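Annotation source TrEMBL lists compositional bias 'Basic residues' at B:32-47. According to TrEMBL, the feature compositional bias 'Low complexity' maps to B:48-63, B:705-725. Residues or ranges marked as compositional bias 'Basic and acidic residues' in TrEMBL: B:67-76. Residues annotated as domain 'TMC' in TrEMBL: B:471-581. Summarising the annotation, TrEMBL assigns region 'Disordered' to B:32-76, B:705-728. Feature annotation from TrEMBL assigns transmembrane segment to B:159-185, B:252-271, B:346-374, B:394-417, B:429-449, B:585-604, B:650-672.
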Amino acid sequence: MGNKQTIFTAQQLDAYQDCTYFTRKEILRLFYRYRDLAPQLVPLDYTNHPDVKLPYELIGSMPELKDNPFRQRIAEVFSEDGEGNMTLDDFLDMFSVLSEMAPRDLKAYYAFKIYDFNNDDFICKSDLEKTLNKLTRNELTEDEVRMVCEKVIDEADLDNDGRLSLEDFQHMIVRAPDFLSTFHIRI
Amino acid sequence: MDNDAVFYTDRSGRITSNPLLDQLPSYQSLLYRRKSSVSGTKRRSSSRGRTGSSSSGKWGMSSFTRPLDKPKSQIEQQDIRELAKPMAEKRRDKTQRLEEARELSSWRQWRQSSHRYLKRLRDDAQEWMSSMKLWRGDIHLIEGMFGTGILSYFSFLRFLVVLNLIIFLIKFSFVMLPIIIAPYASGNITYNLNDAGVCTVYPSSSRLGLVIFHEHITDLLSGGGFLEQTYLFYGYYKADKIHFPNITYNLALAYLLSTIAYLFLSLIWIVKRSARGFKRNLVQDEDRFQSFCNKIFAGWDFCITNVNAARLKRSSLLYELKTDLEEERIKQKIADRTRKEKCRIYFLRLILNLFVIGVLAGCFYSIYIATIFSQEAQMTKIKVNFIVDLIYEYLPSIVITVANFITPLLFSIIINYEDYSPAFEIRFTLMRCVFMRLTSIGVLLFSLWSQITKCEEEPCICGYNHVLYSCWETRVGQEMYKLTIFDFITIVAVTIFVEFPRKLIVKNCDCGLAKWWGQQEFAIPQNVLEIVYGQTICWIGTFYCPMLPAICTIKYFFIFYIKKVSLINNCRPATRPFRASSSNFFFLVVLLIGLALACLPVTVSVAQINCSHACGPFVNYNTTWEVLPATVSQLPSGAQKLLFALSSEAFAVSFFVVTCLAMFYVIALAGAHKRVINQLREQLAMEGRDKRFLIQKLCQAQSLSTSRSPVSRPQPRSGSRSSPSYHTSFSSNFNEGVFLAHSPPDSSTHV
């Protein structure tokens with residue numbers, strides 16, 4: 001296609017284009033963003049699949065993420081090792097899901113994992129309390145936190161088990177029109 | 001054995017495995033999709049072995065269908081990038097699919113590759129189109145600093161710029177262009193003034209002799225003088241038909257049809273844009289249903305990249321949550337109201353509404369008086385002073401602006417006494433302000449028309465007052481032009497003389513005034529009303545002043561930059577946050593109201609009022625509408641019959657009846673869907689309870705059988721991080737204590 005980039009092979013770029021919602025240009029741009037976080041760690045040649053992982057501290061200091069109260073959970077969910085240390089694949093995956101073009105179901109799935117702090121595949125009351133406290137920086141009273149969590153479970157829990165399963169969450173997201181526009185990072 | 005022992009958890013609070021529960025189909029689908037951590041790929045391949053399906057992991061709302069059951073259809077396979085798997089998995093899937101594709105017939109292969117190529121092309125085209133979008137970088141910046149609520153205002157502004165440009169292009173290409181190119185394309189303009197009577201006298205209004213400089217400025221600001229006889233106004237289009245060598249171009253018909261076309265185009269475009277938001281609002285009604293969930297899970301704007309914006313977003317979310325809790329309390333209070341209190345409240349509301357109506361009537365009357373005074377002052381042509389002349393010219397605009405400034409303040413004070421719920425208060429005040437703003441234009445036009453059709457001897461000879469208004473459409477066009485200019489000047493002046501000093505005062509001065517006034521908030525509703533008001537004027541005025549859309553395009557273009565600069569430098573986001581989804585819908589609803597209110601005067605003037613005989617393309621007709629019947633009567637008889645049939649009463653009535661039937665059907669359908677949704681919800685809950693009951697029984701039976709046999713099956717201990725949990729339901733009388741039991745009892749069903 002008339003390009004002269006030597007970072008990826010043509011197949012690699014092709015695979016990335018198929019597996020994410022980005023175009024070639026955007027993938028290369030994202031690669032340079034990734035590299036800018038740690039130029040000495042990230043090689044300029046990815047054709048032989050180097051195994052490079054950037055520690056969470058670097059990812060969490062990106063301008064797009066540094067003010068996000070859920071940045072640690074986002075990094076944990078998308079990283080392979082679950083600790084927040086991301087390879088380029090994880091990085092691209094993360095921003096692909098968070099881009100404008102990703103469908104709602106895909107975003108809802110990952111949102112569910114982000115809000116599930118204890119990784120038990122359910123959003124229980126303690127997960128909700130943690131979410132709420134991260135959102136408001138602990139400025140609500142205990143009573144108010146309790147009331148809000150109760151109301152959330154009331155509203156979204158379909159199968160009456162006192163916590164939100166993935167299906168409850170997805171059903172609720174279908175009816176939350178803001179979700180697509182807020183669960184979106186522009187990069 | 002305790003029935004519920006199977007639900008006990010291990011130390012970390014997670015429910016330990018049970019081979020029976022692991023085999024539940026719903027758990028299988030969850031496990032398959034889940035991205036696990038330590039033993040990621042190994043675990044997945046083992047689970048894949050268990051489920052027995054390979055690469056057709058379907059994603060969708062049908063979460064209870066097993067991957068096993070889905071037949072693998074190559075053509076309709078899900079997009080790889082929509083699968084919720086890590087990148088390495090997706091790449092493996094892709095290579096697998098490529099290998100499978102090689103085994104297909106060449107026809108299928110070609111189809112697949114062409115699919116992929118088209119998809120790639122479409123993605124690239126979309127990206128190119130979005131890079132061409134106006135102000136992309138600026139809007140990105142605003143989104144990062146202030147979030148998606150204010151972003152929707154700016155993208156609304158961008159929409160209006162494009163809309164106005166298109167309207168101008170329509171008017172230009174169908175009305176102005178033929179006249180401009182007529183001399184060059186050897187076109188012959190016919191313009192019959194059929195009677196040389198008194199109605200056709202059109203005194204020139206251009207200034208003679210030496211013109212003082214400030215008179216040019218007066219002319220520019222009021223649309224009179226040298227501007228009157230230009231393409232700017234209706235009166236200059238002195239052409240009925242243009243005879244080109246091959247065809248005859250009926251300019252009068254084109255003028256009328258282009259008016260109808262741009263109104264129709266605006267309607268379609270706005271409705272299309274609002275369809276998405278409307279569907280959501282109508283069907284889901286989430287405000288009552290899900291407000292807390294929406295705030296917690298979709299409340300944080302992931303686009304925010306600014307520390308201040310993050311802090312403000314947090315405080316606005318906090319405010320929203322507190323307001324919602326407060327609203328719950330108020331609902332409770334309202335429900336507890338006694339009869340006596342209700343009577344008092346209703347009586348109070350009646351009085352206050354009457355007061356509001358009185359205020360509105362007073363404002364409208366003052367606009368009427370101001371218009372009449374202004375018209376008479378212009379007619380008498382006594383020039384007092386440059387400034388006073390301008391004030392007389394702009395008197396209606398000034399009165400409208402002052403009224404629109406005072407009434408929102410008044411309304412927001414009054415609403416406090418009416419004791420509604422907070423959400424309703426906001427909406428009701430907004431509706432009152434919208435009504436006030438848009439109706440004031442109507443009142444202005446009405447008073448203009450009453451002047452135009454008021455003659456000394458009734459009834460008027462020419463159908464209008466030809467002495468004072470020899471070309472009344474141009475006069476109306478001038479008033480619309482003045483309104484637009486004044487609106488623009490007001491916005492600029494308020495920004496420069498109110499917002500910037502306010503910021504300087506609040507930042508530097510530490511007095512009580514500064515603290516009370518506070519920093520400027522970007523009040524989205526008021527700003528939206530401002531630009532909808534301007535757009536309504538544009539829609540009405542385009543008929544009389546064909547270049548008004550171009551002026552409005554330029555005006556909105558500058559307003560974008562002014563508002564952006566003011567926003568970034570002076571404002572903080574509103575403490576009462578405006579949600580993106582409902583705000584888009586709100587903007588477009590207000591715009592639609594403006595469009596409806598704009599169609600009304602245009603319709604009345606086209607159909608009812610006699611057009612002036614001294615200027616404009618419609619001199620040979622009594623009313624503007626007459627062009628259409630005249631043209632239809634010249635069509636071939638087949639087309640004539642068809643058009644007459646379409647406009648007959650029989651057709652109209654039957655069309656109306658059919659539309660009503662369709663509407664009732666759709667409403668009934670929506671109601672039925674809602675009922676079905678409720679029933680399914682209850683059924684889901686019931687199924688969950690059934691499942692739990694059955695599992696309990698099964699485990700009982702299991703434990704009985706294993707207690708009889710001496711060998712107890714060893715249960716595989718799962719890895720620490722990736723210990724699976726099962727997905728089943730519990731009835732609500734199950735309390736939390738069960739999940740937190742630390743020491744698992746001694747039973748063979750779990751480890």
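Cβ coordinates come from backbone N, Cα and C, glycine included.
Curation plays no part in TrEMBL annotations; they are all automatic predictions.
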For the transmembrane segment (B:252-271), which recorded stretch in the set B:394-417, B:585-604, B:650-672 gives the largest number of Cβ pairs separated by under 8 Å? B:585-604
Please indicate, using numbers and ranges, the residues of the same chain that are 6 or more beyond the transmembrane segment (B:429-449) and have a C-beta under 8 Å from a C-beta there. 356, 360, 363-364, 367-368, 371-372, 375, 396, 400, 403-404, 407-408, 411-412, 415, 475-476, 479, 483, 525-526, 529, 532-533, 536-537, 540, 586, 590, 593-594, 597, 600-601, 605, 609
With helix taken as DSSP H, G or I, strand as E or B and everything else coil, how many residues of the domain 'TMC' (B:471-581) land in each class? 86 helix, 6 strand, 19 coil
Would you mind listing the long-range same-chain contacts of the transmembrane segment (B:585-604), meaning Cβ under 8 Å and 6+ residues beyond its ends? 152-153, 156, 259, 263, 266-267, 270-271, 273-274, 277-278, 280-281, 430, 434, 438-439, 441-442, 445, 525, 528-529, 532-533, 535-536, 539-540, 543
